[in-house]
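Here the structure is laid out as structure tokens; the discussion comes afterwards.
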Amino acid sequence: MERIKLAEKIISTCREMNASGLNQGTSGNVSARYTGGMLITPSGIAYSKMTPDMIVFVDDKGKPEAGKIPSSEWLIHLACYKARPELNAVIHTHAVNSTAVAIHNHSIPAIHYMVAVSGTDHIPCIPYYTFGSPELADGVSKGIRESKSLLMQHHGMLAMDVTLEKTLWLAGETETLADLYIKCGGLHHDVPVLSEAEMTIVLEKFKTYGLKA
């Protein structure tokens, strides 16, 4: 895809993310794999004012193009692309329910078969590290190898998939599951979960399930 077209899709994803309630203000960030690196949202610019020329290219060694400042979380995005070469888009948000669960350092267990959208039988929560730090990038790298969506303790949520559209869908499903987990009382006591055997069946069925385009 041409750079300008991909940059436009990144911006439209950001705006849809905020409009749907998955994020607030400029706290989240979005990227897409691009030849030799990635395109990522810039630091501190409102999505309503963002234009394609503001989207920043960062090469696969972590060097941003001259004159532009990428999101403060560019390290976690780059770590994701290195960890999952088959996936092409990353969305990080401070979605309220996902963040609430993450503050308690809870993973989301198999409370509903839709947990399988993550590619595994739970949605993990990685330990807290300072935002923008190499330690956080390392934690995200380990977590994303296990699951396509994850929670970040005292921070937020991250999702990764093959396209921006699928990644936004995955982020939305993760937030819904976090909401269900809270409403089931999962922050304060054990909740019923599906068996490992059932989740194995569901995961197999999910190989052909989900957003098709």
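Every residue gets a Cβ built from N, Cα and C, even glycine.
What Swiss-Prot lists as active site, proton donor/acceptor is Glu73. According to Swiss-Prot, the feature Co(2+) binding site maps to Glu73, His92, His94, His155, an assignment based on similarity to another entry.
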Nearest-integer angstrom distance between the alpha carbons (Cα) of His155 (Co(2+) binding site) and Glu73 (active site, proton donor/acceptor): 12
Binding-site residues: His92, His94, His155 - member with fewest neighbouring CB atoms within 10 Å: His94
Rounded Cα separation (Å) that holds between Glu73 (active site, proton donor/acceptor) and His92 (Co(2+) binding site): 9
Helix, strand or coil at His92 (Co(2+) binding site) [DSSP, three-state]: strand
Cβ atoms near the residue listed as 'active site, proton donor/acceptor' (within 10 Å, other residues, all chains): 27
Listed in sequence order, residues not in Glu73, His92, His94, His155 with Cβ within 8 Å of the centre of the Co(2+) site Cβ atoms: Ser27, Gly28, Asn29, Ile76, Thr93, Phe131, Met152, Gly156, Met157, Leu158
